[in-house]
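Per Swiss-Prot, the features are as follows:
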- 11-31: transmembrane segment (TRANSMEM)
- 79-99: transmembrane segment (TRANSMEM)
- 119-139: transmembrane segment (TRANSMEM)
- 160-180: transmembrane segment (TRANSMEM)
- 193-213: transmembrane segment (TRANSMEM)
- 255-275: transmembrane segment (TRANSMEM)
- 283-303: transmembrane segment (TRANSMEM)
- 317-337: transmembrane segment (TRANSMEM)
- 347-367: transmembrane segment (TRANSMEM)
- 376-424: region 'Disordered' (REGION)
Amino acid sequence: MTDFGHDVWWLVVAKAIAIFVFLMLTVLVAILAERKLLGRMQLRPGPNRVGPKGSLQSLADGIKLALKESITPGGIDRFVYFVAPIISVIPAFTAFAFIPFGPVVSVFGHRTPLQLTDLPVAVLFILGLSAIGVYGIVLGGWASGSTYPLLGGVRSTAQVISYEVAMGLSFAAVFLYAGSMSTSQIIAAQDRVWYIFLLLPSFVIYLISMVGETNRAPFDLPEAEGELVAGFHTEYSSLKFAMFMLAEYVNMTTVSALAATLFLGGWHAPWPLNLWHGANAGWWPVLWFTAKVWGFLFMYFWLRATLPRLRYDQFMALGWKLLIPVSLVWVLIAAVIRTLRNQGYQYWTPALVVSSIVVAAILVMSLRKPFSTPNAVTKARRRGKQPAAGPDEQGALEPLFPTPPLPMKPLAQPVGASKENARG
């Protein structure tokens, strides 16, 4: 923390511009890499027209979106409608100011860390900024004056509420063993051993939570095409839609960088490169850090190509019935072992590693179970009974789960409601 607050003004501006350029280039390359990777996994060429082998496709798409006509639907709240994309973009870029790219280096004779700034509670600040970004989504859905965007915004709010709890609990174990919430101090604490080896359950929980936090497949319920057309940005076009898309990919980059910072040693070189004396000095750490970030981005692309979208009840059950309880148990175990370490227990490292592997194995095996809430029909079939007569037997093709009613039609009654009404 003593390295911050001493930079000259032009160096601070240069760092801010460098972060902005890094994020914009990462977004352009990530979109192209995702489309190319999806094409290869689906046995098709992918983008191959604009530029050499399609390398300029993302840039062409960005220019096209910026030059498109901006269509503004009627019946909207104009101020909120136009401000919502900005609210999503600004926190996404701001969070990267606390991510360390490398150690202290010399820039034109000035010694400065490769990080814009740091705080004693930097990780919590990043967590708060990610929560602020969802305001843009929910406000955009509400201001659009349409049903599908509103449902997408509400879903996004529920996702953030559900998965930020698990994400915050995954940070707790890191704070316990690093002794700090500062990103630079957490990286310094991983000088010898990365926390992915000591705190494996926290890493697994964070991986799942960060996918849910960024609304990416298989957790992209706020913009599910088959249910909500395009979700919260259905009524957006041109540059406003591009800003929502930019915020999504910048958020992906930010949570990937935070994962590398908390669990993979940040800018520290991996083994066996760390055996080289100069691997963690100078500008080389920027390369190691960027490679780790791209590893997590590749995971995002892979998940989108291979996993189907979860149902909404499965997604909520995964967060509240598995991730949060396991996080609480793991934090308790980690705190007990940390207390033993403070009291002079010599074998705290093997105890922590064994506990970490056991809890992570239980968590991964539990992920194979379908997280769904059985309805009355499923429960009746499991008991070997026929379900009670419902609206379907009366000729109405109404679903047996809560849905918005069609115009001029009443809400579908749950199974067995007709019997209860008859008894009453």
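Backbone N, Cα and C atoms are what each Cβ position is placed from, and that goes for glycine too.
Residues 26, 30, 33-34, 37-38, 100-103, 105, 114, 207, 211, 214, 216-218, 252-253, 255-257, 259-260, 264, 266-270, 273 of the same chain sit 6 or more residues outside the transmembrane segment (283-303) yet have a Cβ under 8 Å from a Cβ within it. With a cut-off of 8 Å between Cβ atoms, the residues of this chain six or more beyond the transmembrane segment (160-180) that come close are 120, 123-124, 127, 130-131, 134, 186, 189-190, 195, 198-199, 201-203, 205-206, 208-210, 212-213, 262-263, 316, 319-320, 323-324, 327-328, 330-331, 334-335, 338. The list of residues near the transmembrane segment (119-139) in space but at least 6 beyond its ends in sequence, with Cβ under 8 angstroms from a Cβ of it, reads 1, 80, 83-89, 91-92, 94-95, 98, 152-154, 156-157, 160, 164, 167-168, 171, 174-175, 180-184, 186, 213, 215, 222, 232, 244, 247, 251, 254-255, 258, 262.
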